[in-house]
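> Questions regarding the structure given below will be posed in turn.
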Amino acid sequence: MTWLDLPDGTGFGITNLPYGIFSTPGTARRTAVAIGDRVLDLAAATGDPVHATGTLNAFMARGPAAWGALRRQLTAWLTDPAHRAAIEPLLSPRADVTMHLPIEVADYVDFYSSRHHAENLGRMFRPGTPPLTPNWTHLPIAYHGRAGTVRVSGTPVIRPAGQLGAARFGPSERLDIEAEVGFVVGMPSTPGEPVPVDAFTAHVFGVCLVNDWSARDLQAWEYVPLGPFLGKSFLTSVSAWVVPLAALEAARVAPPARDVELLPYLDDSAAPWGLDLTLEVRLNGELISRPPFKQLYWTAPQQLAHLTVNGASLRTGDLFASGTVSGPAGDQYGSLIELSWNGTAPLTLAGGARSFLEDGDVVTITATAPGPGGTRIGFGEVTGTVTPAPRRAPA
Ligand SMILES: O=C(O)/C=C/C(=O)CC(=O)CC(=O)O
Ligand SMILES: [Ca+2]
Ligand SMILES: [Mg+2]
């Protein structure tokens with residue numbers, strides 16, 4: 001129990017304690033933890049300069065023992081009434097603060113781990129071939145994204161322009177979303193030393209929401225044979241709050257059965273990390289999808305093991321995302337290209353029919369997961385509003 005008066009049904013209860021970076025007018029960026037509809041200023045509460053650096057990276061680099069110690073300290077401060085007089089003045093309403101990108105992103109990798117999404121995209125992008133490529137059940141497929149264009153929730157989505165086909169240039173006409181879950185690396189690894197599946201919690205600090213905005217026309221024209229490039233590099237939005245892995249113990253579930261026997265480095269049966277998150281996607285306020293994360297074929301420890309198995313090392317601030325989360329049902333797809341079946345079955349919304357995004361559209365992704373003792377773990381939101389492509393001379 002906490003001495004705070006928390007809003008009913010808050011996803012930011014005492015069992016969550018997500019971290020973010022905030023400022024108020026005229027003050028520097030510093031670390032906060034969210035509790036109910038307020039934020040606690042950790043720079044002030046702890047006096048530790050690591051929380052005044054303006055990103056979570058330096059704290060994340062201290063490692064799991066430090067993460068656990070601070071979490072225990074925060075729990076004590078927010079539950080024991082003896083601390084109330086010291087802590088309460090350091091809380092601000094969340095509505096009064098500005099949130100910033102929580103991490104300095106080192107490298108950004110995006111997986112492709114939802115079987116339903118991969119099959120749907122295969123059917124649309126590669127008709128006449130089997131929906132899954134033969135490698136899909138043997139390794140978690142991914143591409144390297146652009147770290148420098150990972151931005152915090154609320155960043156405007158400037159409609160990208162580019163080649164739409166042979167000798168065709170212009171603003172994307174098929175701007176899409178991808179509802180995803182991101183994993184933030186706290187602890188680096190050593191070059192040449194793969195990170196085994198069972199070292200996941202020694203490296204990964206927490207979880208955020210991701211929208212991997214995608215221009216399907218640019219993507220379809222450019223992606224063979226090297227994969228996504230400009231169709232996805234213009235912006236990737238992340239939620240302002242990073243939920244610590246420690247808050248997700250009650251959400252862990254077994255992943256789906258695997259089709260083929262995996263190589264030992266991908267065997268995660270000893271400590272399964274399926275996660276029972278449910279995402280919700282809203283377009284201009286209307287709920288359009290509820291993608292279930294727990295059915296993802298590849299788990300985050302497998303993704304981490306795979307991305308380091310060649311000896312590539314991790315850095316503090318690396319972000320790896322799940323890939324679009326789509327469930328089997330038509331109202332569980334994590335992208336508009338699936339929800340509108342490549343534009344052939346537009347969604348009927350209060351604001352009119354939609355296949356892809358129009359200027360002014362607002363997309364908001366939220367998620368919840370079960371927490372300990374019947375509590376709910378919230379992830380805040382990742383939102384963005386589409387703004388028109390700037391007028392440029394024709395390329
Ligand atoms: O199958 C393809 O050619 C393309 C797939 C994607 O666009 C998906 C991607 O970015 C990875 C993901 O989000 O699952
Ligand atoms: Ca993606
Ligand atoms: Mg992207």
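For all residues, glycine too, the Cβ spot is worked out from N, Cα and C.
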> Hey, TrEMBL has Mg(2+) bound by K232, T236. Any idea which of D212, D217 it lists too?
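For the Mg(2+) site that includes K232, T236, TrEMBL also lists D212.
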> Which of D80, D96, D107, D110 shares the Ca(2+) site with E178, E180, D212 per TrEMBL?
D110
> According to DSSP, which kind of secondary structure is T236 (Mg(2+) binding site) found in, if we only use helix, strand and coil?
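Reduced to three states, the DSSP call for T236 (Mg(2+) binding site) is strand.
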> Looking only at the domain 'Fumarylacetoacetase N-terminal' (16-102), what is the mean pLDDT?
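Result for the domain 'Fumarylacetoacetase N-terminal' (16-102): average pLDDT 98.
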> What's the CA-CA gap between Q219 (substrate binding site) and K232 (Mg(2+) binding site) in angstrom, rounded?
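Rounded to a whole number, the Cα-Cα distance is 8 Å.
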> Given the binding-site residues D110, E180, D212, which one is most crowded in terms of C-beta atoms within 10 angstroms?
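Per the Cβ count, the most surrounded site is E180.
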